[in-house]
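Per Swiss-Prot, the features are as follows:
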- 1-445: domain 'Biotin carboxylation' (DOMAIN)
- Lys116, Lys159, Gly165, Gly166, Glu201, Lys202, Phe203, Leu204, His209, His236, Glu276, Glu288: ATP binding site (BINDING)
- 120-317: domain 'ATP-grasp' (DOMAIN)
- Lys238, Arg292, Val295, Arg338: hydrogencarbonate binding site (BINDING)
- Glu276, Glu288: Mn(2+) 1 binding site (BINDING)
- Glu276, Glu288: Mg(2+) 1 binding site (BINDING)
- Glu288, Asn290: Mg(2+) 2 binding site (BINDING)
- Glu288, Asn290: Mn(2+) 2 binding site (BINDING)
- Arg292: active site (ACT_SITE)
- Arg338: biotin binding site (BINDING)
Amino acid sequence: MLEKVLIANRGEIALRILRACKELGIKTVAVHSTADRELMHLSLADESVCIGPAPATQSYLQIPAIIAAAEVTGATAIHPGYGFLAENADFAEQIERSGFTFVGPTAEVIRLMGDKVSAKDAMKRAGVPTVPGSDGPLPEDEETALAIAREVGYPVIIKAAGGGGGRGMRVVYDESELIKSAKLTRTEAGAAFGNPMVYLEKFLTNPRHVEVQVLSDGQGNAIHLGDRDCSLQRRHQKVIEEAPAPGIDEKARQEVFARCVQACIEIGYRGAGTFEFLYENGRFYFIEMNTRVQVEHPVSEMVTGVDIVKEMLRIASGEKLSIRQEDVVIRGHALECRINAEDPKTFMPSPGKVKHFHAPGGNGVRVDSHLYSGYSVPPNYDSLVGKVITYGADRDEALARMRNALDELIVDGIKTNTELHKDLVRDAAFCKGGVNIHYLEKKLGMDKH
């Protein structure tokens, strides 16, 4: 087992990783910026090191500072969490070159899956269903590009190969817009991601966002932990997630599970990962793979009983997967509401001092949060301050428990989006299950389609 893990992150995920390390008897090193001296996990870690000023570019994104902190504390491994450097192949490479273990996939695999064109090619080879589109990058030759778009059929979407999280994409509804849109996206992609390559795909008008959680040991063994539905989104940011995804064609589901597991083995994947799909008319279409732990991993843990973060640590220590596919049984239903420090109407960040914090409780309720009474939420980072997760024997029970949990949650002193969640878990269409990715924006009156 790993001896000492440096947690290269902050907030709720840093606390989540620390708890998993402690359960496995692994010593921990917490790193933090000057703005994060009050973080809960700092006092719980064996050691803590300040790695720079408040801006993430000078602290949590500073690779030399993180590696130096690992060296001075004698850490043997580094867990990146999510966000920041979690999917940065250069970070993974420098960690391994410096003699530490990176808790995650190899740099080569991160690069492969981080480039949307090479990722799509790898998935096609593994038999994972993909969205119809350009075979590789969209050619700069105008006639060829127009011919590809005609064959795919409008509307199409032009995406930056190095993009993600909803950035670097443009929907084109007819031929007259194609060339101009391609040029604009190329220019933006070059500036934002350092890679001007773009590709073209069929634009699915009303899909759902369904993803598959996998674990793979990089030694030829891989399993899936079922799927999640993350269709309730605002500006491509997930708001509520659930497992399993409701109302999915079972044959299509089992087929895509098998393909994802096979893909992990073929690319030599190591650690926890997520295959993200658009799901429309009973069919799955691969969009990207996240090569890290995800914010919404708890819903999969609740319905399978598998501790994903502990499994990541075991795999990183060189152990083979201890869980076989036949051991994974999906029982019941789980929901997760992301609690953000933001104005529920304008969605503007709401940093400040938490005067009083009370976490909900009761049967089947889990709260992953770094908040406590007296803690000050800094203005420098993502607004996520916690996740309320509920589990039930079925979806209705999980929803009933979530309604109770949100009513019990108290966060005084700052604004949060709790009221939005209270509304959503009582929304008739969401309660029925199976809303598409545009539903929330339409409900909020911000629909662009």
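Just so you know, glycine gets a Cβ as well, placed from its N, Cα and C.
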Point to revise | Using Cα positions only, nearest of the binding-site residues to Phe203 (ATP binding site) (Glu288, Asn290, Val295) | key: Glu288
Check your understanding: Among Lys238, Arg292, Val295, Arg338, listed as contacts of hydrogencarbonate, what is the widest Cα spread in Å, to the nearest whole number?
Key -> 18
Practice item. Would you kindly give the Cα-Cα distance separating Lys116 (ATP binding site) and Glu288 (Mn(2+) 1 binding site), rounded to the nearest Å? Key: 7
Point to revise | Those binding-site residues of Lys116, Glu201, His209, Lys238, Glu276, Arg338 having Cα within 10 angstroms of Asn290 (Mg(2+) 2 binding site) | key: Glu276
Practice item. Take the C-alpha atoms of Lys116 (ATP binding site) and Arg292 (hydrogencarbonate binding site) and report the distance between them in angstrom, rounded. Key: 16
Revision key, fill the gap. binding-site residues Glu201, His209, Glu276 vs Arg338 (hydrogencarbonate binding site), shortest C-alpha separation belongs to His209
Study note, to complete from the structure: Between the C-alpha atoms of Lys238 (hydrogencarbonate binding site) and Glu276 (ATP binding site), the distance in angstrom, to the nearest integer, is 13
Check your understanding: Could you state the CA-to-CA distance between His209 (ATP binding site) and Arg292 (hydrogencarbonate binding site) to the nearest Å?
Key -> 18
Revision key, fill the gap. Rounded Cα distance in angstrom between Glu276 (ATP binding site) and Arg292 (hydrogencarbonate binding site) is 12
Check your understanding: Among the binding-site residues His209, Lys238, Arg292, Arg338, which residue has the largest number of other Cβ atoms within 10 Å of its own Cβ?
Key -> Arg292
**Study point:** Local Cβ density at Glu288 (Mn(2+) 1 binding site) - other Cβ atoms counted within 10 Å
**Key:** 20
Study note, to complete from the structure: The number of other Cβ atoms within 10 Å of the Cβ of Asn290 (Mg(2+) 2 binding site), counted over all protein chains shown, is 20
